[in-house]
Amino acid sequence: MKSGFVVRSTISSWESAERFCRQFSLPLLDMQAKHNQEVFQLIFDHQNVHLLDCRAKKPLTLMVDFVTGSRDHRRKFGGGAGQAVAKAVGVKGNRTLHVLDATAGLGGDAFVLACLGSRVTMIERSPVAYALLADGLKRGLLQAEEAGDDELLAILQRMTLVPNDGSDWMRDQLASSDSEQPDVVYLDPMFPEKSKKALAKKEMQIFQEVVGGDEDADKLFEPAFALAKYRVVVKRPKIAPLLNGQEPSVQLVGKSSRFDVYAKKKLPE
């Protein structure tokens, strides 16, 4: 079950916050306004957009950062094409793929694929996830440009974010006569965990509390398989049931998660 949140903004970020709230039909409060003490606050300020968990004495903050921290470390030392997600998608050598990530979340796997040369179109329906990811991309592009980091700049330029429901967006593409067919459709729907212990990182606990599990995830499979040119890849917790009950062509099983690969035809060399 999803928890409620409020959107708050400083004066310096009011215009972008107001634009976001209009897009998703959400109310906007300034930083001094009283509210109903919602546990979570989505904050727009001059530095970034972040999600604030107000329950602890020291509030916990969740934001997207492609420039420093764990994502920067993974970009530099993550194992390249040997990573499980890369193997499942089919990243290999100089092969350049267009990947549709129909459940982008906070963009972690999309970033890995973009680091390995793929062009990634990300679809995200949650207003909170979209706001955090869009801000992370915007800041990342600015910081990479300012630092003269051409490699990171090129990576982030290969990532495109669209606010929409993944299933609806794919069906619209199938109905369109001039849409581009992605080589691979990647699905990582939020699996409703029954305990917080199943979510190792505190940040992911917060994220799932606000976004909620994708209870309707099964509806993603049919349009994904119809739209993908070569394969559909589904990331699931290791013990989770198959998406839509569909048997995969092959499975890559890790310690806590697995990748179910549904092949349509062989990827080009």
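Cβ from N, Cα, C; glycine included.
Taken straight from Swiss-Prot:
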type	residues	note
BINDING	GLU124, ARG125, ASP188	S-adenosyl-L-methionine binding site
Among GLU124, ASP188 [binding-site residues], residue with fewest other Cβ within 10 Å: ASP188
ARG125 (S-adenosyl-L-methionine binding site) CB neighbourhood, other CB atoms within 10 A: 19
Cβ within 8 Å of the mean position of the Cβ atoms of GLU124, ARG125, ASP188: remaining residues of the chain near S-adenosyl-L-methionine: ASP101, ALA102, THR103, ALA104, GLY105, MET122, ILE123, SER126, ALA129, GLY166, PRO189, MET190, ASP214
Collapsed DSSP category at GLU124 (S-adenosyl-L-methionine binding site): strand
